[in-house]
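What follows is a single structure, written as structure tokens, with notes after it.
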Amino acid sequence: MSEKFDCHYCRDPLQGKKYVQKDGRHCCLKCFDKFCANTCVDCRKPISADAKEVHYKNRYWHDNCFRCAKCLHPLASETFVSKDGKILCNKCATREDSPRCKGCFKAIVAGDQNVEYKGTVWHKDCFTCSNCKQVIGTGSFFPKGEDFYCVTCHETKFAKHCVKCNKAITSGGITYQDQPWHAECFVCVTCSKKLAGQRFTAVEDQYYCVDCYKNFVAKKCAGCKNPITGFGKGSSVVAYEGQSWHDYCFHCKKCSVNLANKRFVFHNEQVYCPDCAKKL
């Protein structure tokens, strides 16, 4: 008498039927699905005996459920990457490791045009002016806190304007008496020589280089007849009765003693010390 060939679980005869052998036991397909089948990680349904199964690190999927967690591309017959418990296709795995755009927060992948500034990166078209929203891309810009401005908007909102030409000072520039100038606008009123970094004299809101001040503006010393510039040796001046002298030229007409910061007598347009004045 032959031994019975029955399902281990329901005891239904298996003779002439499809069955599965699991752990040395025979079971019908119905009982296999109910008691023995692995559960698909994705759909949470049992993986039946006649279904194709994918397993990886003690986890199981129907072959058509084994997809990239990002783009859902089927991966049953392709290479894949496991990252933080997620199954990813190679393309999405690359994106996962790629830097994120500060503007749109999407991955910047190989081939994308991008802009990097102080360790932060943007897609080229995401790097825009905080004011006008136009794309700055790889053009010139001005950072202001967390914002970025194109040249035009920065000039309008923040740049100082030259007191002479009233145009924005975008770089360099100088300040004189709290007023901003372009270096090329701050020039001698007579010869147009640039005065930035040079000695100059201001007379009634007009600016002169040393040579032009000497030749066209400076008073002449009543003693030596040379210009009194206020520079160098002649920086100290004596003025009296509408006339001016270098301090070193202000001396007695007769004895030549220097009278700067001393008592003197002015007689017939001439300067005398008190002793010589008594002898006149």
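Cβ from N, Cα, C; glycine included.
Looking at 7-31, 82-106, 232-256, the range tied to zinc finger in Swiss-Prot is 7-31. According to DSSP, K86 (SUMO2 cross-link) sits within a strand segment. Taken together, the residues of the domain 'LIM zinc-binding 3' (162-212) have an average pLDDT of 91. Only residues 6 or more beyond the boundaries of the zinc finger (7-31), in the same chain, are considered here, and those with a CB under 8 A from a CB of the stretch are 48-50. Other Cβ atoms within 10 Å of the Cβ of K4 (N6-acetyllysine), summed over all protein chains shown, number 9.
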